[in-house]
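A.B. asks: I am attaching a structure below and will ask some questions about it afterwards.
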Amino acid sequence: MPKIIILITAAFTAGIWCASYFIWLLPFLYVGSFIITVILIWKIYKQQSVTWLLAVLFFIVGMLRFIHADAFAINDVSRYAGERITVDAIIEEPAHVTYLAQEKCRVRYILAIDEVQAENTKKETASGKLYLYARQANQERVFKAGDKIKVTAEVIALHGYNNPGQYDSVAAAHLQGIRGRMSASGNAIHLVSENHSIWKESMEERRTAIISNIERVMPSSHKAILIGMLFGGYSEIPRDVVADFATTGIVHILSVSGSHIALVVGVITVLGTGMFRRFTYANQLIPLFAAFFITLYAMFCGLTPPVLRSLIMGLIGLGAVCLNREKDAAVALCLSVLSMLIYQPALIYDLSFQLSFTATAGLVFLNAKTVNMLESMIPLYLARPLAVTIAAQVGVFPFIAWHFNSFSLSSFVANLFIVPIIEGIVILGLLGAFSSMIVGVIGAICLVACSLMISLVLQLTQWLADMPAAKLYVPSIGLAGSIIYYVLVSWVYGYKPKNMLSLKDTVERWPQRSAVVVLMLVFCTLVYRVYPAPLFVHFIDVGQGDAALIITPHGRTILVDTGGTLGESTDFDIGYRVLLPYLRHYGVLTIDYLFLTHGHQDHAGGAAGIAGEIPIKHIMLSRENYTQAVLNLLKAAPNSTRIAVYEGQKVELDGAVVNVLHAGTGVKQKQPSNEVSSVIQVRYGKHSFLFTGDLPAQGEEEIIHSGRDVSSTVLKVGHHGSKTSSTIKFLQTVDPEYAVISVGKNNSFGHPHEEVIQRLLFYGSKIYRTDEQGAIVFKTNGNTITIDTFLKD
């Protein structure tokens, strides 16, 4: 029975994956499932084996479930995208407030839509959820979770940054049922009725009271960390602290997860064992009490999706204990996964679900065997906690490699010495948080003790994170590599067919052949690393901005511009949140040259975020008064060589030649302008790429009159497709075969302008746009050229 449950869970998951990548005809799937069901019933009647038929049936059912779950409801609010409508909606979660300059703030609500009224139509019932972003003065009212409000605004479809290695914020929103967004001023939001949900209102009031009690006795930085550890979320925690926790492999502790639920269950079990040990049904009572408290704790945390998933896994585990089936941990895990995927099939693409499941699977299947391997080498009291870390890390490795491109060596030390302290903080913090509402003195003492322990944890994590090789770069291994990895891990740990030799037996039986295989793998890896690759030019989706990455045949790198967020809200760092994951995904550990065409925020705003994480050897700057973005870069990269660009300048890397065709000067101007944009051309063999920044028509005219050869295979269209650039004469001179427009979806500037599109089409250029195709990658060996886009047509 356990093997069947594991098999059908795997089959159901595989069905979901196949349905999301391939187009299937529903009638074919329904007919197939019906035929298999009939054969299944017949075989059961004949008392024949049905294991593989069950697997095939669950595979098809998984496909059907995903197809239906992915379809929009007929009255979903996202169908009004692009229209201005009035919605009546209930605020689902506590508002997220970001404080800006000039005593203003930006408030984000999540709305559950109740009714919709488009212009000149009747009010209709609707479903689905939206983000609502409101800009308002600090003193204006922030509505509470459960309040019903009315607001009129345009519905805009969600659009993230479509790049490999990028966290998919749109998919994460879709998992919560959020399909669009609206923006309005704070005074345009009207209260219809206040929160009438008794439990939600009660929980929010108590959570607010606890946070106020914490703020009174703890420094603000410690307060943010403790709230993150107890109730989840680390938006207010300093970035360097989050980075240190990530480097040491314990960042998961800053959001409520399975480890928190397990900790609460452990405390309740210890206390319950002492209180109920004389009761006949103690073994059943204690899990029931634990189930009650973890449910209460999850409700207090707001029942966010990660918390809800952890709660489900915890309740199923406690149910197994009540039924004296705690040895069937693998079955409990598979039932948890199966139930969650039946409810929400797209969870297989959710980062927290992937990490939670694979880490737990590692513990279930590998922990005991790892202890057996280690106990012959180190004492048992060290082998057990070390085995937990190893088993979990082995389980999650392919997903860590894909999402983060790093492996934390320091996590082994952190889990042995820092995690026990953090667990103490969580226990003491929960005690202090809840007792502060009853006996304030006891709560204050507990919280002050937590603050002292947090200081110790911060110091220890900083020491560990600063150690050499605390975190190693690992490449993404993809789907095929992940399958091979898990097959090898299963073989090493003894999960194999009976007639198959174990790793130990294989090496003992064929030692020479085994050595040859290992040497061949090492040799092939070295050849792959040394053998020259083509030249790659990446146009990265950074929204309304420019960023391009050039990787030479031997892996040297040039970055042209870095994008940057426009507007009041500066809490989102394009460099750190978008470009850095992209660079790591492609194995960029050092940038040889960073060219900033000019210092405007949409071209240089992300530079400092990158410089804080990746060394930059040379920074090539236009000759203008430094903007704040450039000053931030120079502060973040004090050891980089700064070079002012000039016309005729040349840089050569692995056969790729970078020529500066235009270098305006703006040092006498009070404000930097587009006129000073540097223009560079990258040539490799027969092909060339032209980058013009935001150079306007006047600058293009100067380049033409200079007599320089600007003819290029690929043109990065100037100023995001504005009609102030890309003149007819300039396009005629460049004669590009391909034109790339780096532009933000639904931008307020109207880029790219239709007139520019028509000019490009007139001269036969094939147009690629980052808002429509995401990241665009050109590959050339100097003779031929191929193009790949992240989003396919």
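Cβ atoms are placed via backbone N, Cα and C, with glycine included.
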A.B. asks: Transmembrane segment per TrEMBL: which of the ranges 315-334, 335-354, 355-374 is that?
C.D. replies: 355-374
A.B. asks: Which stretch, 52-74, 249-272, 386-404, 438-460, tops the Cβ pairs under 8 Å count with the transmembrane segment (28-45)?
C.D. replies: 52-74
A.B. asks: Which sequence positions outside the transmembrane segment (249-272), separated from its termini by at least 6 residues, show Cβ-Cβ distances below 8 Å to it?
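C.D. replies: Tertiary neighbours of the transmembrane segment (249-272) are 225, 228-234, 237, 242, 282, 285-286, 289-290, 293-294, 297-298, 301, 304, 306-307, 310-311, 313-314, 317-318, 352, 355-356, 359-360, 393, 408, 410-411, 414-415, 418-419, 422-423, 426-427, 430, 461.
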A.B. asks: Calculate the per-residue pLDDT averaged over the domain 'Metallo-beta-lactamase' (544-745) and state the result as an integer.
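C.D. replies: For the domain 'Metallo-beta-lactamase' (544-745), the model's average pLDDT rounds to 90.
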A.B. asks: Where else in the chain does the transmembrane segment (472-493) make close Cβ contacts, counting only residues six or more beyond its ends and a cut-off under 8 Å?
C.D. replies: 165, 365-366, 369, 394, 397-398, 400-402, 405-407, 409, 500, 502-503, 584-585, 587, 589
